[in-house]
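Below: the structure, in structure tokens.
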Amino acid sequence: MNNLFVLIKREFILQHRINNIIKYIVIFFLFYIISTVLINSEKDINKFGLIFSVICLLISLISFSTIIFKSDVEDGSLELLLSIVSCEKIIFAKFVAIFICTTVGLIFVLPVIYVFFDQILLEIALFFISVWMIFVLSSSLVVLSGSVQCYFKKNTNFVGTFIMPLLIPNIIMTGLILQDNNLQLIFIMIGINLIFLPVSFCLSAYLIKNIYNIT
């Protein structure tokens, strides 16, 4: 348990200070907010602003799939970690760190959404819950994508583009939740996560375990 906590702490520092996930998500989203406010009418912003915010946040996260394991491989720390702890712990720590970073970034942008999109607190709460659920799945898929690119090493830049189609069902659910306040759809999102998460973890762990042919 102590090893896992240390791993999570290490990964959080890595993703926050080196990869700057939190800062990038906030800046990317602020750019989106400014562009949306300048280009669209107030009616369009109130109608489509939240759902476009979901897509914007996901795009900003998916872009990190190419560098998730980059520093670990380049400095040899991944090989060292594999000789000390299990690949499952490495993958779980990576997932938790990314998920925490994205959640913190989401919390930072909520006040901006509240001010610029003129939403009531209930809509903001539904937005947070639904996006938080999507971040659970997207964080695991980003780790999986990074594992694939780390394992094959060449001609894998396209892998990140396959993440978004897997998130489309949850994006649709989020749109319906925000439009109709249908909280029951959250349980469907939970079910989708429970299906994809174990598969994503198992595949990621397998790829990382065999990257140096360590058994």
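Think of each number as a place in line: the chain as shown, counted from 1.
Glycine is treated like the rest: Cβ placed from N, Cα and C.
Taken from Swiss-Prot, the feature transmembrane segment covers 21-40, 50-69, 95-117, 122-144, 157-179, 185-207.
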Grab the same-chain neighbours of the transmembrane segment (95-117) for me: Cβ-Cβ under 8 Å, and only residues 6 or more beyond its ends, written as numbers and ranges.
8, 11-12, 14-16, 21-22, 25-26, 29-30, 33, 36-37, 45-46, 49-50, 53, 57, 61, 64, 68, 124, 127-128, 131-132, 135-136, 138-140, 142-143, 201
Which of 50-69, 122-144, 185-207 has the most Cβ pairs closer than 8 Å to the transmembrane segment (157-179)?
122-144
